[in-house]
Every structure is written in C-alpha cells, then in structure tokens.
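Below: the structure, in structure tokens.
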Amino acid sequence: MALRGALRTELAEAVSSCKLLVVGAGGIGCELLKNLVLTGFTNLYVIDLDTIDVSNLNRQFLFQKKHVGRSKAEVAKESVLQFCPEASITAYHDSVMSPDYDVEFFRQFTLVMNALDNRAARNHVNRMCLAADIPLIESGTAGYLGQVTVIKKGVTECYECHPKPTQKTFPGCTIRNTPSEPIHCIVWAKYLFNQLFGEEDADQEVSPDTADPEATWEPTEAAARANASNVDGDIKRVSTKQWAKSTGYDPIKLFHKLFKDDIRYLLTMDKLWKKRKPPVPLDWAALQNKENISLDPPHNDASPMGLKDQQVLDVQSYAQLFFESVHILKAQISKKGDSASLVWDKDEAPAMDFVTAAANLRMHIFSMNMKSRFDIKSMAGNIIPAIATTNAIISGLIVLEGLKILSRNIEQCRTVFLNKQPNPRKKLLVPCSLDPPNANCYVCASRPEVTVKLNVHKVTVQTLQDKIVKEKFGMVAPDVQIEDGKGTILISSEEGETDANNDKYISEFGIRNGSRLQADDFLQDYTLLINILHSEDLGKDVEFEVVGDAPDKAPPKPAEESSKSIANGSDDGAQPSTSKAHDKDDVTVVDSDEETPSSSNTDVNMEGTSLKRKHSDDEPVSSKRKRLEPQEEEDDEDIITLD
C-alpha cells in the first residue's frame, strides 16, 4: 500500500531501511503512524504511557470504543498492522523518561519524531537526541494552530535554546478573597475538591485569607462582626478537611460554611470592598424557597436551549447539584477507607459536577456570569479543543521534514507554522528558516552554564533539587556536587543517599555568593554548571530567579535580532490562565489535552486560547516570518495559498 512510486529510488530505500521512533500515540501520533506506513516506513517504534479515553475517540481514529482503557501504543500498533501488515512495529506502554530508554536506546534510531503533550517529556527527548546526535522532529497543535520544526545537534536551535513562558498563576488572596473572573472561581473549586476529598495542600487553601495585605481592617472590630459567621453551624477556624469530616461531609453544612459563613467573614474585611462590589452570601433554606428570595442571576452566557452540558442553570439547580455531588463523592471516599483520597479528573462525572456547582455558586456570589458545564470543563481541565484536521496537516508536515532529512537535505528543512486564518499574503502555512544553536543555551552549548539568584539562607537542598534542578532545568535523576575543591556531594541520584540533607539550607554546606555547583544527569548525558548569586531582595513568594547568561559568556544578541525569538507555545502547567488583552474571551485555558506547539520560535502563547503576537490577528505570524518574507517566494512549493 505504500506510495513508494512517488519517491526517488534512493530515497525509497532510505525510507524502507529507516529505524524510526515515534514518541506519543495520541492526536498527532495516530495520524503520524498512518502517514509513515503509507509512505513506506516499515520499521517503527512507538512509545506512549497513556491509555485510551472515550474523549479521544472523536479524533484519534486508530482507537474504537472497545479499546477504551487499553494502552494507546499497543492499540495503535494493532490498528496500523490491519492495513499495513508488512510493517514491523514495536510498541512500548511506558514513559519515555524511564531510565530504560537511555542514550544507547536513542542511538539505534535514524530519526525521532515527537508527538507529545507536555514540556517535561519534550525537554527530556530533546536532551536524549542531542546526546545521541539523532535528528529530532518536534511538533504540536492547539486548536486550529500547529507547528513543526527540526532539531539537529550543532546545526539548529534545540528545544530549550530559548526560555519558555511560565504559566500564569494567581495570588492566593485573589483566589480566596477577591475573585474577579470565572477562572478564579474555577481554580478555587478545584482547590476545594482537593481540600475536601483529595490530598490537602497548604498552597491550595480556600478559606478567607486573613493575611491579605489589602485587607488591613481593625482586628478587634472585625472579630466582633465576624462572630456571626461562627455562630451559624458552630464553625471553628480549622482545616477545611478536618471540619468537613467532623460533619460527616454534610452537604448543607458545607454549603453554609463555603457560601454563607466564609462570605460573611470576607465582608468584615472592609477595605477589600471600598472599590469592589461586595459578595452576596447564599442561604440554603432561602434557595429551597424561591418565593422568599430574589435570585435574579447576572446575565448568563448561554440559553437553556442546546446540549445539556452547554446549558447554564439557575442558582437553585447548582445548589442541588452541589448537594448531590457531595453525597456521591462522600460515598466514593468512604469505600476507600479513612485515610484515602480522591484525585480530581475532568472525565469523572461526580468530580466534574462538584467543580461545576461550586464554581458557579461562587461566581454568582461575586456577581459574575455563570458558566456551562462544558465551559468549566474546558477551563478546569485545561483543554484547548482539539481539531482532527489540524493534527492531520501537522502529521503530514512531519513526514515531509523527515523525507528531507533522509535525503540529506537538512538545509532545506523548515519550521512550519499553521495559522488559523490566511495572512495578508493569503498563506495558511508559513515556513521559516531554522535558526542556528543559541551560544548561550544551557542545554546544547558546548559548556552549559547558568546563574541562579537566590537567598542561600532560605533555600533548602530539597528546593534546590525539586524546583531548580528538576523542575526548572529539567533533569530527571540529578547528582549535584559543590565545586569547593572537595567534591562535596549535595544531592545524589541514588535513593536515600543524601536524604539527610533535604531539610537543610544550602548555606549550611558553605554555599554563598559566587559558589558554583555541578549538576549531572547521567541518564540524559547532561552536565550543567550553576553559579549561585546570593540575594535578599527577591520578590514576594519568589524563591529563585535565573538571571540570564552566566559569567564570561558572550553578550546577548542585539535587541532587533532577539525580537525574532518568540516564546514557546507550549504551557504544561496545571493552572488555567488569562490574558488582559482578551478579557472578552472567556476560554482562558492552558496545557491542552492535545500536543501544543513546541519550537522556541513559535509566536503562539498557549497559556490561554488568547494569542500573543507581534502582528495583528489578521497576520498571525511571528516577527521572524516578517524577516524572511523576501525568501518565501523560493519556498512556494511548501505553502498553501488561498485565492
């Protein structure tokens, strides 16, 4: 079935003998596997940790309803072999970040193609391909937007050559005291689920924040006025989970605490409401008797018509949904035992009902337009709607770039952007030349080095390991030693070897301003030198900052040149975000369930569906493309032009 006749003999032979690894068997991965075998690739390896969910079936066409719950990689292999039985496909139901897939594993391949959906895995595959010196084709989609780029050690930028935008987070006092957007209420509702039924996290507290710097009311006066909030329900200021358990998860008592007592307590913080509309507490009994209370909700964004999940209900209905979902979740956690906890999942109906109800009740209290279950699921689940045709286009472009590499014409490879609408030159697909490696990249430079600003008296070894070395710099199993002439081991990848150091401040090991650390990840074959810059002037809640180029490195590029590098479109964080430029757009979500654009040059910021661009919406291309406009005529064969 393969279309080998369309390829030159030499290229067809290279395709048939190519040993290729596909990382990811989801939206792009399914389309890509189909394209590869029909092009003539017969020696394929595919790895994916996920299992098939019902929500995948509308676009991941290799899967059917009977496959729900099974390994994506295994079922993708079975499905492809049905229409291309001569192919040799090896499937791994596993994480590509497992130590089993080391540099030697990657070296066996001619080419690696990414179809991933999270930044950590992308960072890891990028480093493994650099270490193995294997070409990598990176890709991503988000809604109607997509992108493909090629990464080759020493020839092009790597995935980490430029910093990616961090997810937008919200101050705790905004979530707990003064929500102003629906997303704030949705985040609060997800926190509430974890506080009641999941694993408690001090950073996800939902009760009023008395430490809010804006709420500088007189404590003695407020205490007297807040007394009323402790009378109804005999509520003590204890942890949310403790109190909920003491009531037997009574939904009415929970309702009164969350939507009446806590709100009345917030109203005692006078200064919060001088320039804001104050919240209006809800009363369970009053809601059950519609004739005795005026509950005219703000204008909502949807009519009662339409699909059930797309309807916006009234306050009474959301109160009833809250009541019912608490009962179901209480039964679920009771079955698991006293110390058990639940994990929030957007595809679990009771969990989704709980967040929908709690978020909408809070929106109503703070005079916001309530949202449908569909909209809340999109925001709470961090979903950018997946478009099957986008995946199909991007997977086709991946194969085309792969054919260029196998033809040994890597200089003809491009980063290709798929836009939502044609630009003024009527181009929907816009190719850009690949940039050379960033000399100051802390991953692919000849001697990777960074400078980190932190307070050595406040940062623990645990923070250094988890938040800096692993989370920020993407190492999987790091070993960190101090360059003090003694080779003092601060962090070891051997389990338990340096656990005694975890709670100690790094200053206790002689680390001070100007100290240097060497971090090694032997799995990634990666070494990073970290220069410590001690500072006591970091912002509030800021534990550390990466302050740019390390000492003795080349100066940064001129402003006009650096402007071409727009931050990566992928945002894998777990929190929803918003953009001030698009307040009217309420779909403010991140980290799609599909693959998000990944090259360091993309102009699409997937922190939300709002897009950050240097051009107007009518010309959604990066400044880099503008620089290359004169070259694009010679690449017309790669461009779709709409008349």
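From the backbone N, Cα and C atoms, a Cβ is placed for every residue, glycine too.
TrEMBL annotations: computationally assigned, not manually curated.
Looking at 146-173, 202-229, 510-537, the stretch flagged in TrEMBL as region 'Disordered' turns out to be 202-229.
Reported as a whole number, the C-alpha separation between CYS444 (Zn(2+) binding site) and LYS190 (SUMO cross-link) equals 38 Å. With respect to their backbone Cα atoms, CYS158 (Zn(2+) binding site) and LYS190 (SUMO cross-link) stand 36 Å from each other. A gap of 34 Å separates the Cα atoms of CYS161 (Zn(2+) binding site) and LYS190 (SUMO cross-link). The domain 'Ubiquitin/SUMO-activating enzyme ubiquitin-like' (452-538): residue composition by secondary structure is 19 helix, 29 strand, 39 coil, according to DSSP. Taking the centroid of the Cβ atoms of CYS158, CYS161, CYS441, CYS444 as the Zn(2+) site, the other same-chain residues with Cβ within 8 Å of it are LEU130, GLU157, TYR159, GLU160, PRO437, ASN438, VAL443, ALA445.
Less than 8 angstroms from the CB of CYS441 (Zn(2+) binding site) sit GLU157, CYS158, GLU160, CYS161, HIS162, PRO448, each of them six or more residues away in the same chain.
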